[in-house]
Amino acid sequence: MDPDPQAGVQVGMRVVRGVDWKWGQQDGGEGGVGTVVELGRHGSPSTPDRTVVVQWDQGTRTNYRAGYQGAHDLLLYDNAQIGVRHPNIICDCCKKHGLRGMRWKCRVCLDYDLCTQCYMHNKHELAHAFDRYETAHSRPVTLSPRQGLPRIPLRGIFQGAKVVRGPDWEWGSQDGGEGKPGRVVDIRGWDVETGRSVASVTWADGTTNVYRVGHKGKVDLKCVGEAAGGFYYKDHLPRLGKPAELQRRVSADSQPFQHGDKVKCLLDTDVLREMQEGHGGWNPRMAEFIGQTGTVHRITDRGDVRVQFNHETRWTFHPGALTKHHSFWVGDVVRVIGDLDTVKRLQAGHGEWTDDMAPALGRVGKVVKVFGDGNLRVAVAGQRWTFSPSCLVAYRPEEDANLDVAERARENKSSLSVALDKLRAQKSDPEHPGRLVVEVALGNAARALDLLRRRPEQVDTKNQGRTALQVAAYLGQVELIRLLLQARAGVDLPDDEGNTALHYAALGNQPEATRVLLSAGCRADAINSTQSTALHVAVQRGFLEVVRALCERGCDVNLPDAHSDTPLHSAISAGTGASGIVEVLTEVPNIDVTATNSQGFTLLHHASLKGHALAVRKILARARQLVDAKKEDGFTALHLAALNNHREVAQILIREGRCDVNVRNRKLQSPLHLAVQQAHVGLVPLLVDAGCSVNAEDEEGDTALHVALQRHQLLPLVADGAGGDPGPLQLLSRLQASGLPGSAELTVGAAVACFLALEGADVSYTNHRGRSPLDLAAEGRVLKALQGCAQRFRERQAGGGAAPGPRQTLGTPNTVTNLHVGAAPGPEAAECLVCSELALLVLFSPCQHRTVCEECARRMKKCIRCQVVVSKKLRPDGSEVASAAPAPGPPRQLVEELQSRYRQMEERITCPICIDSHIRLVFQCGHGACAPCGSALSACPICRQPIRDRIQIFV
């Protein structure tokens, strides 16, 4: 049976003691709850494979068996913290939709489900047997009725618990200082990602914040006063480390629908209503879309079909309610593929090919007829041709968004140049109403002034669709602009396309004209017919000084255009040539770096997609919390950088953004999966060295090693690293240092696979189809190389050697160990990297690097190889090296006393009514208030004496 990837052990799961428990009161007693914070790995002496480290709510941190030696010390109480969710399932007791965590389904009653909390609180009939579903994809496990079974009370961090800062605390003095207690007021989920994974805590000073209790495997709190969290049936919880069996899944090839398919619902309303029960539900408005054509947006976890009918309307349908027709329908906008030879081949028997069709290649057209045999009549390039559906692709306007910007700019420039030429060539009557525009186009200030004096009412008359002020702004004629403004020209008057004079100044790259118009009070954020402001226009044209002038005068840098792109989105799309514009925009104080365009890309996503390193760095400096933000498909900035081979961007996200390198998208792919999938050889060592798990699996159960062996491109040779990507050369050098064939002998897939095996990837790991990397390495030479790399990794682990690359790991609190694995003999003397003396090197924890001698290690706070904070320094005999004494500082008692005095002083001068402003008015009784509060009072709020006089003070 295939294991369910979400049912495997993951950090963040909440656990209780299990059937093989033999560790006394480490959990605080039966019913104590803990969080899985670390997974065991091959070769580790304290946390070997199939073990976990648990942070108990009451503070102990210890490792336990999760299948190791056949024992299971723990039971899984809740997996909502890792994002487990059952879409379209409603708890029939508490009515929560999209049930989180394990699902409990009654075997007696029809379609009756409970969430974990309701099941454990004895909701529904106790004599009824239930099925347990660990995840949405796992097979049900039949359980005995709850009647007569013992229930164990839960204790730990629940609502009402008293807590202090815990092992993963990184929130400064939000709690009021070390050891200050707070009270848990709520347990909730983190946005839509996870459930019951954070606690809302109110501290002694009255402030309330949210802290992690399982979210991403972190625990910010320690329980000092337990609270009751309900009950659990020990016999009904799954053993941690024994994955649930996966339901038989239909392969993608046999799915009736795929993303992008055109579908219709042709059923009667009553039939559709019945079919929708349990498959997205029924809404009366769905009847309006019966018979209409929609597009398959996605397939849900349960196999239901999400259909989009227009820009705003999506419905979830039972797959049996939909009918799939031709790929394209009359009225669909399509693009003809651009490859001539391919089109000729595909057209055989489908309308055939003539040379007259060549202008249609790569062009966008519209389907005007669908023939019975599936061929399509398409209007394109002024003609109508019959095409095979294989020659067409669905046209998405967003694909050409950047092209549209450039095309519009060229069209604007071209049309303006033609208009100016026509104006200058005009030989109209001097008294013609549009003569003023001609004189401005010719730069004749004296004649323009004369016309303004004689005919001031003609100041806004148009010629060639433009006013004199618009032409002067485009040409940068500052003197004429001032004359026209003095004559009360319409500064915000638009042309036929909605462009104002400010737009024209931006189009003409005229920063001084821009400043003059802004000083005259023009609308800085006026939009044209494409929803673009002058700032959009200047950014799209790459005019740095105009952008600077607009930003200096307070233009709104957050307004979106027709594609929902802000000016910074457009600047990022322009590439490194617009770096100066990016710098100017990101320095604007009120810029919204969380802005999202119509494709769901935040600015950080967009910069990562385009590989704009400067923009990524600037955005992270403003809002580092966005580094792990996900799009609708689960992609983060690091996913996008990995997918598009932007190595520098990935480095910035990892080193400066401190992103989660093991984050998953909706297909459970990590950034390493994507880099390997796209054969981006240079990114693989970077991600692995940053701590990306080499054994993480996607929704198909494939690890990066499985994916690598499906890539067959020849490995690019990197002879000179000058100015190039050092990643491929780094990967090759590591392979060669291990005695493996070099670049001339391996394909990309084989080279990456060997590298991953050297870094600890499991060559025997089976995916959901039951295939391991060794099964995929069909070629004997590759199979032999892969086995050799795996053997080298095992030898290195057995010998206690360091990893071949500087693996970055986050430091963790000290862990008490229950389990010990025999270690190899201690290391011999080696050269210290600092003083170059031959000595026994000190082992740094947690990174496990040996780089310096004892004398040099004393003052080190970070490992010089991987820059990870050192929590322990161990001699070869296991004794700890004392760190150098810190410089003397003020006694802690003195610091706390001063802080207390400061708070008292602050309280004495703060208004007791609004508790916001300082006291500005003092009453005759000696008490006081701020001016707004004190003016409205008739009696003192403290002593209740009537107020006869108010004395204003200045603090």
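Each residue, glycine too, has its Cβ placed from N, Cα and C.
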Candidate annotated in Swiss-Prot as phosphoserine, out of S251, S598, S738, S764: S251
Cβ-centroid neighbours of Zn(2+) 1 site C91, C94, C115, C118, 8 Å, sequence order: D92, C93, K95, K96, L99, D113, L114, T116, Q117, Y119, K123
Binding-site residues compared (C94, C115) - highest count of Cβ atoms within 10 Å: C115
Residue distribution over DSSP helix, strand and coil in the repeat 'ANK 6' (633-663): 16 helix, 0 strand, 15 coil
Sparsest-packed of the listed binding-site residues (C91, C118) - C-beta count within 10 angstroms: C118
